[in-house]
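Below is a structure I'd like to ask you about.
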Amino acid sequence: MRDVLSSRYRQSLVHLAWMCLFSSMPNGGAKVLEKTFEEWMRYRDECLRRMASEPYPAGLFCNRTFDMYACWPDGSPGTAVNVSCPFYLPWFEKVKHGLVSRRCGTDGQWVMVNGSQPWRDYSQCEEEMESTAEEEGARRLMVSFKVLYTVGYALSLLTLISALLVLTVFRKLRCTRNYIHANLFASFGLRATSVMVKDALLEKRWGMELVQVADWEALLSHEAALGCRAAQVLMQYCILANHYWFLVEAVYLYKLLIGAVFSEKNYYRLYLYLGWGTPVVFVVPWMAAKYLKENAECWALNENMAYWWIIRIPILLASLINLLIFMRILKVILAKLRANQKGYADYKLRLAKATLTLIPLFGIHEVVFIFATDEQTTGILRYIKVFFTLFLNSFQGFLVAVLYCFANKEVKSEMKKKWQLWKLDHPALCCAQ
């Protein structure tokens with residue numbers, strides 16, 4: 001019997017994976033798979049205990065067995081044996097009255113397909129096609145979202161690295177303002193890197209070849225999740241660092257506009273603590289809460305919203321402070337424009353330009369969906385929220401790098417000077433062109 005079961009591992013377990021990963025459960029395929037495998041092991045253990053305790057019948061019969069899908073009692077030759085749909089199926093509530101059947105041959109052997117695979121009819125235990133089609137549509141939409149934000153983060157990362165090189169190489173661009181910009185660029189770059197690394201680790205983990213039950217146990221073990229949990233922690237740290245460098249940008253610009261007198265050297269050290277140090281204060285307790293209370297999968301799901309607020313409260317606080325500073329700065333800009341306006345149209349245009357330029361620098365768009373998580377939103381609102389969040393977050397690094405580096409007059413002037421000097425130093429190459 002053990003040899004027969006070993007030969008059936010691959011087909012049955014892969015079939016189980018397919019059913020779980022694409023089921024229309026609300027908490028995601030990975031969580032469904034983990035829960036389903038736990039229930040499958042409980043079902044298997046109960047079946048083996050039952051088979052060991054019940055007496056065998058007399059005469060010819062098909063032997064009791066667990067075929068990795070359902071638990072089968074002894075069968076009479078030439079009859080169909082029916083059992084209830086196994087309770088480990090994610091959609092069991094929909095099919096709990098259904099039956100799965102196998103045929104016991106006249107020779108006392110279970111009917112096989114192609115001489116090696118068990119024949120069974122589990123049509124009554126399958127999920128309805130309507131919900132499967134709906135899930136397939138949602139899956140395709142999420143795949144397109146993944147392509148969108150992967151392109152966005154990759155483009156942002158390349159642009160941010162280029163911007164950091166520009167601010168680092170040109171000595172005349174080295175000042176506190178550009179140092180702050182460089183740190184903001186770095187936080188965006190780290191955020192993009194952490195997201196792509198996390199996705200790669202998840203894809204590698206769930207793309208493992210599953211042949212035996214031990215492979216499933218290894219796949220769902222805490223050790224297998226360490227890599228993606230580390231990437232998740234890094235991502236949360238980078239998101240917080242991102243928001244607090246937004247705050248540093250806002251504070252610095254506000255102090256410049258109001259004409260405050262301060263030592264840039266001393267304040268820059270405080271800016272570093274605020275931008276890179278503050279996230280540690282919140283990520284460490286969040287990590288401890290996840291490890292002690294929600295140590296499952298990659299720590300991406302928020303079952304207890306109290307732990308989620310450990311991360312979201314500081315983000316909310318930074319965003320609200322940024323919003324207040326943003327409104328205050330607009331008031332200062334408005335007053336300065338009114339005092340020096342040359343024409344009504346020009347005055348309005350310059351105010352609009354200043355407003356649109358500051359929004360991505362301060363992360364003001366984050367306030368719109370700050371209270372709505374994927375777990376709290378449903379239906380079309382969830383897809384709208386996910387689309388805008390992924391689009392803005394992934395392409396924001398690109399936008400900030402272009403606005404505050406490559407489109408900056410000071411940067412363009414310095415790059416132009418360097419280009420002119422290079423042409424003077426390499427006249428042969430220029431003439432050849």
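A Cβ is built for glycine as well, from the same backbone N, Cα and C atoms used for every other residue.
Fair warning: this is a prediction, and the values are worked out from it, not measured in the lab.
Marked as domain 'G-protein coupled receptors family 2 profile 1' by TrEMBL: 46-129. Positions annotated as domain 'G-protein coupled receptors family 2 profile 2' by TrEMBL: 145-408. As annotated by TrEMBL, transmembrane segment applies to 147-167, 244-263, 270-289, 309-330, 351-372, 384-407.
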Take the transmembrane segment (147-167) and find every residue of the same chain, 6 or more past its ends, with a Cβ under 8 Å from one of its Cβ atoms.
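Sequence-distant neighbours of the transmembrane segment (147-167): 173-174, 178, 181-182, 185-186, 188-189, 191-193, 195-196, 199, 387, 390-391, 393-398, 401-402, 404-406, 411, 415.
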Counting each residue once, how many in the domain 'G-protein coupled receptors family 2 profile 1' (46-129) are helix, strand and coil under DSSP?
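Counts, helix then strand then coil: 16 helix, 24 strand, 44 coil.
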What average pLDDT is reported by the model for the domain 'G-protein coupled receptors family 2 profile 1' (46-129)?
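Across the residues of the domain 'G-protein coupled receptors family 2 profile 1' (46-129) the model's pLDDT averages 88 on the 0 to 100 scale.
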